[in-house]
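Visitor: Right, I'll just put the structure down here and ask away after.
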Amino acid sequence: MAPQTETKAGTGFKAGVKDYRLTYYTPDYQVKDTDILAAFRMTPQPGVPVEEAGAAVAAESSTGTWTTVWTDGLTSLDRYKGRCYDIEPVPGEDNQYIAYIAYPLDLFEEGSVTNLFTSIVGNVFGFKALRALRLEDLRIPPAYTKTFQGPPHGIQVERDKLNKYGRGLLGCTIKPKLGLSAKNYGRAVYECLRGGLDFTKDDENVTSQPFMRWRDRFLFCAEAIYKSQAETGEVKGHYLNSTAGTCESMMDRAQFAKDLGVPIVMHDYLTGGLTANTSLAIYCRNNGLLLHIHRAMHAVIDRQRNHGIHFRVLAKALRLSGGDHLHSGTVVGKLEGEREITLGFVDLMRDDYIEKDRSRGIYFTQDWASLPGTMPVASGGIHVWHMPALVDIFGDDACLQFGGGTLGHPWGNACGAAANRVALEACTQARNEGRDLAREGGDVIRAACKWSPELAAACEVWKEIKFEFDTVDKL
């Protein structure tokens, strides 16, 4: 094998001593049903051939290294290597390409999202031949999917446990997120739940701080849940954040929540770790707890268009690892989300079979082989005027979380919750009657205001509040 030692002028980049194309670029390869497929957006360094860059990604994320080693002869590299089988330019972008790579199933440990990510994205992102690299999508074959439990319960079982059908679920993140005592925190939870919400939520960074230790919070929130259930006759819940500094502490918190008889706990799956999340999901399945997942830290990984990991991949990873809810963006609120792309990964979270559709960012057809679905959670800067769009975009199988849009009501938390509940039911009824919420949503809300003073007050407060900025992909 001829070494490459040429230094590219003006870049200081040395292509290395091994030509990956000879082994790992295989455009004639026929993809197998059992292969794990990856679509990488890559930006090669100046002077690096695109085929070499694609082959390098395949090599460094599977069996390759920078030189030939004698132990290559002790195994069958042709059986275990990743293969770059196709490369296409990204329309409208200079020097950006989508590299399609197939990985044999035997490269991965069964039931381990941690091992899957360690192999595919663990090392290759620092490769010198690439200026930038982004994992856009993965195809998980049924043969691998079947090695995972997935979400503890899934959407249908959650509805059965809650006895709530025919509409989206309503939630609220308690604010201020930090600083309240446990008793005052529980009071805020109670007011929201008795006003008409289905759930309230710990914020992602509420764990066990000096002003509110986790055990005290769990106790006061459980009291709020039971009191509001007795008043309303509905099943209520609060996402008790079980994320902790150690896996042992995390499991202790989940165990305490189970002992209290509450229906749901919460985990920050990226900061807490995928291994910890899978363990918690298995515990929740075995003990009848729903599991709400927050995606804290996701934007560090997924926000840049040319480097990192797209959220659709993180969403697929979570569905494998296990979670009944996952924050997914809103399209209409303060947090970023483009409509068609967001709907693409929302479908990947909750549907069983999703066809390839590049207009929605779906690079591969995904068959989840009856793995339970994960309910998307829309939150971040939304209020009652957004309700028609949210019902139109997400449909019924979603949890709509109004934090400031509940607690910011001028008459208090319970009235804010009532306003959101009235708006949701009015929009759901209008949709069921065949009305076009995208065009008539404002009229639906205004009509509902006539018989809900709480909604009328909310509409007056938030009538001018908008979050209109371009997404990062357009900047």
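Cβ coordinates are placed from backbone N, Cα and C, and glycine is handled just like the others.
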Visitor: Quick one: which of His327, His409 does Swiss-Prot put in the substrate site with Asn123, Thr173, Lys177, Arg295, Ser379?
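Guide: That substrate site, as Swiss-Prot gives it, pairs Asn123, Thr173, Lys177, Arg295, Ser379 with His327.
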Visitor: Would you count the other C-beta atoms found within 10 angstroms of the C-beta of Lys201 (N6-carboxylysine) for me?
Guide: 29
Visitor: In sequence order, what residues of the same chain, 6+ apart, have a Cβ less than 8 Å from the Cβ of His294 (active site, proton acceptor)?
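Guide: Set apart from His294 (active site, proton acceptor) by at least 6 residues yet with Cβ under 8 Å, we have Glu204, Asn241, Met266, His267, Asp268, Tyr269, His327.
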Visitor: Counting across all protein chains present, how many other Cβ atoms fall within 10 Å of the Cβ of Lys175 (active site, proton acceptor)?
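Guide: For Lys175 (active site, proton acceptor), the count of other Cβ atoms within 10 Å is 16.
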Visitor: Using the alpha carbons only, what distance in Å do you get between Lys175 (active site, proton acceptor) and Lys201 (N6-carboxylysine) once rounded?
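Guide: Rounded to the nearest whole number, the Cα-Cα distance is 10 Å.
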